[in-house]
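Asker: First the structure, then my questions, so here it is.
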Amino acid sequence: MITFPHRHLLGIKGLTEQDITLLLDRADEAVKISRQREKKTSSLRGLTQINLFFEASTRTQSSFELAGKRLGADVMNMSVGNSSVKKGETLIDTAMTLNAMHPDVLVVRHSSAGAAALLAQKVSCSVVNAGDGQHEHPTQALLDALTIRRAKGKLSRIIVAICGDVLHSRVARSNILLLNQMGARVRVVAPATLLPAGIEQMGAEVYRSMAEGLKDADVVMMLRLQRERMAGSFVPSVREYFHYYGLDAETLKAAKDDALVMHPGPMNRGVEIASEVADGPQSVIEQQVEMGVAVRMAVMETLLLSQDQGPRP
């Protein structure tokens, strides 16, 4: 029997160390399932999962779809491009229409911060936030944590340097919250134009130099330069950005010899990370993709099979 005190996964904020550990432990078991020849289980047989993606994301949507199917759920992907949303239907109208179909879980990605939380107030099923604007991306932080824990054996008392476009990154926010909760030391390395106000209050140490920020780091997490979210000139040029804040083999030498190199994807090779590092021996980027399916399996199973969620609205 699973005991988990939440009906939804809207963010890392609000999760305890025990909540996170439970999800990671279950994800460890899901890794074993994914590596078997027979990968499908029946734990969610008869339950329905709807993936509602208002932002394109091939890897995240595919990961959620595969996670649901491996657990035996019926999975529906809603293509927003072909939906009533394009005809003027609001987010709430769409959600209420889907809710009338009695799904068991809605997986939502939206460009507006707080969209998943808003839906959770309106529907009678569980809601999983697959990324909401610049707010949070909880399953990405969980899969990053699982990747680190499996490689390092722990999350506490390690140094994690998160580098690049922190300002526009929901991945950075969720990771800072999770890693602090689990006892890690978190650094952010970025130019002033790509740092959000109040980042120190979230529990991150701020560095403006890669050499200083990466010193003795156990994990180096690079972030994509999100030019599609930029309304102004945040960096002088891509070439200059890579010179000062890109990760290549020489820059990586500042970190520990066994430091992990991570990236949430998709990567901009030659913008924030060099191919020699992305494809090098310290890279765990492919492992992150594998852990993503396992974490999403764990989240679905935990939310839908928990005996301690409280009454539905």
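Just so you know, glycine gets a Cβ as well, placed from its N, Cα and C.
Note that the coordinates shown come from a computational prediction; the quantities given were computed from them, not determined experimentally.
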Asker: Given that Swiss-Prot assigns ARG59, THR60, HIS137, GLN140, GLY265, PRO266 to the carbamoyl phosphate site, pick the one from ARG35, ARG37, ARG109, ARG239 that the record assigns to that site as well.
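Answerer: Given ARG59, THR60, HIS137, GLN140, GLY265, PRO266 bind carbamoyl phosphate in Swiss-Prot, the matching entry from ARG35, ARG37, ARG109, ARG239 is ARG109.
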Asker: Tell me, how many other CB atoms lie within 10 A of the CB of GLY265 (carbamoyl phosphate binding site), whichever protein chain they belong to?
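Answerer: Summing over all protein chains shown, GLY265 (carbamoyl phosphate binding site) has 16 other Cβ atoms within 10 Å.
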Asker: Around the carbamoyl phosphate site (ARG59, THR60, ARG109, HIS137, GLN140, GLY265, PRO266), what further same-chain residues have their C-beta within 8 angstroms of the site's C-beta centre?
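Answerer: Surrounding the site, in chain order, are SER57, SER63, ALA130, GLY131, VAL171, PRO264, GLY292.
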Asker: Counting other Cβ atoms within 10 Å, pick out the least crowded of the binding-site residues ARG59, ARG109, HIS137, ARG170, ARG224.
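Answerer: Minimum Cβ neighbour count within 10 Å, taken over the binding-site residues ARG59, ARG109, HIS137, ARG170, ARG224, occurs at ARG59.
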Asker: If I take the Cα of ARG170 (L-aspartate binding site) as reference, which of the binding-site residues THR60, GLN140, PRO266 has the closest Cα?
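Answerer: Closest candidate to ARG170 (L-aspartate binding site), judged by Cα separation, is GLN140.
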